[in-house]
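Remarks on the structure that follows.
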């Protein structure tokens, strides 16, 4: 008998160049940090931004390459290279660049070391990119864990704040449970279909007829899969970790979790339901419907009664997650073409909004992340009118005000629901938006119509360094640009409708 040779999968190196760039940059970051601890923190921020921009450039090239040569699945059917993947990668790389810039001033103010923070940002971004491109459940799980472990450490990275340590521990414990649910769901789906390939699962479920009662394992697997991802996107009732973690984590880390973390988890959920589970929509769509309604209502109502701005924004993020769930629910309707692009567009818009908002919060808060209550924003319009104006733009956009990107995002998912005759969920979402507007109005009144506190509670003079100012100004510009000229983003999200299978 002749010796058997192992066949290795061919690798399209160009297609994974963005991942290689970030992976190589992270390793260089760690080596330099170990050898030269005296380097200025800003150098690591600049290096991370350069890596993100380099990845962005390659992703733009790959987008045009897909236009020319078509989508493809590489590395033994594990990674999908399509417009959906590139749209997500562009959003993740852009968020990485913006958060890295906003973190530089925070680390200086808090006298924290920078190298490991930026290395963890890159590690989390790598996990997010793997999640959004995965065409196999095992690869998806590996990406999820890469992202999650980095976020656990980042949440606890402020070693002198007990709240930061507590938030990291809570996130780690509850995240571990969610990962266990997700992995068990994968095992049950594999037991039912005989494959972990996402496109392969879709083919099996569309051709194989399960006798009623024999699909219990499959249904349990789908349920556990949704539970695992529902925790990551923070929808009700899997949201309990969100307010404490968002409040306790360093503010730039909170913005990273709310943008990159949510982007990756929602993109993974989108690919799974659109590629693997379209034939079982009648099973999972009612669950998504309930999660969406609970999230928009509970998130909006609880946000209004908060006094800490970071907790407010945490509950607001739960409400926004509910809106994105509305887009996913629309995918479950036969013939739907609006749900997936509307949700993707919402993810891109919300990521920029939340980074800009938390950057302003980071500038207003005092050393140690104290002073994030609404009172800290009193008189901001007089002291820093440009900063208050940018914050107002972000808040109006999150409320869904016309001529802002937030209006385009909310209109897209509500339109998708109405098109598929889900009128109840569309009406509830609009009512929840009105309730949430009260939250944003409270902050705006504090900034523009009240005077700054005096005495011992008087706010320290706010310094706006160039890096943070660039993030705030760029995010505000994007918010207004999409609000008045949304066609380019709509076209890009529509292009992502065709997933590689």
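The backbone N, Cα and C atoms fix where each Cβ goes, glycine too.
TrEMBL lists 42-64 (among others) with the feature transmembrane segment.
Feature annotation from TrEMBL assigns transmembrane segment to 116-132 (among others).
Here TrEMBL flags 134-435 as domain 'NADH:quinone oxidoreductase/Mrp antiporter transmembrane'.
Annotation comment: TrEMBL describes 138-157 (among others) as transmembrane segment.
TrEMBL lists 169-190 (among others) with the feature transmembrane segment. When Cβ-Cβ distances below 8 Å are used as the criterion, the transmembrane segment (169-190) is approached by residues 137-138, 141, 144-145, 148, 151-152, 155-156, 196, 201, 217-218, 220-229, 231-232, 238, 240-241, 244-245, 249 of the same chain, each at least six residues removed from its ends.
Under the heading transmembrane segment, TrEMBL lists 216-241 (among others). Panel annotation: around the transmembrane segment (216-241), residues 144, 148, 170-171, 174-175, 177-179, 181-193, 205, 210, 261-262, 264-266, 268-269, 272, 277, 280, 283-284, 287-288, 291-292, 294-295, 298-299, 317-318, 321-322, 324-325 of the same chain, lying at least six beyond its termini, place a Cβ under 8 Å from a Cβ of the stretch.
Per TrEMBL, the feature transmembrane segment maps to 253-274 (among others).
If you look up TrEMBL, you'll see 286-305 (among others) marked as transmembrane segment. A Cβ distance under 8 Å defines the sequence-distant neighbours of the transmembrane segment (286-305), meaning residues of its chain 6+ beyond its ends; these are 223, 226, 230, 235-237, 239, 273, 312-313, 315-323, 325-326, 328-329, 332, 422, 425, 428-429, 432-433, 435-436, 438-439, 442.
Same-chain residues lying 6+ beyond the ends of the transmembrane segment (312-332) with a Cβ under 8 Å from its Cβ atoms: 233-236, 239, 242-243, 245-247, 254, 258, 262, 266, 269-270, 273-274, 278, 281-282, 284-285, 288-289, 291-300, 302-303, 306, 338-340, 342-343, 346-347, 350, 354, 357-358, 361, 374, 398, 409-410, 412-414, 416-417, 419-420, 422, 425-426, 429, 432, 436, 439, 443. What TrEMBL records for 312-332 (among others) is transmembrane segment.
The feature transmembrane segment is assigned by TrEMBL to 344-365 (among others). When Cβ-Cβ distances below 8 Å are used as the criterion, the transmembrane segment (344-365) is approached by residues 84, 87-88, 91, 94-95, 98-99, 102, 105-106, 251-252, 254-255, 258-260, 262-263, 266-267, 270, 309-310, 313, 317, 320, 323-324, 327, 371-372, 376-377, 380, 387, 390-391, 394-395, 397-398, 405-406, 408-410, 412-413, 459, 462-464, 468, 471-472, 474-476, 478-479, 482, 489-490, 493, 496 of the same chain, each at least six residues removed from its ends.
Taken from TrEMBL, the feature transmembrane segment applies to 386-409 (among others).
Annotated transmembrane segment per TrEMBL: 421-443 (among others), in sequence order.
Feature annotation from TrEMBL assigns transmembrane segment to 464-485 (among others).
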Exercise. Per the 3+ Cβ pairs under 8 Å rule, pairs at least 6 apart in sequence, do the transmembrane segment (464-485) and the transmembrane segment (253-274) touch?
Worked result: no
Exercise. Any residues 6+ beyond the ends of the transmembrane segment (42-64) with a Cβ under 8 Å from its own?
Worked result: 14-15, 17-18, 21-22, 25, 28-29, 33, 81, 83, 86, 89-90, 93-94, 96-97, 100-101, 103-104, 114-115, 118, 121-122, 125, 467
Exercise. Mind checking which residues reach the transmembrane segment (116-132)? Cβ under 8 Å, same chain, six or more beyond either end.
Worked result: 18-19, 22-23, 25-26, 29-30, 33, 44-45, 47-48, 51-52, 79, 84-85, 88-89, 92-93, 95-96, 99-100, 103, 107, 139-140, 142-151, 153-154, 157, 256, 260-261, 263-265, 267-268, 271
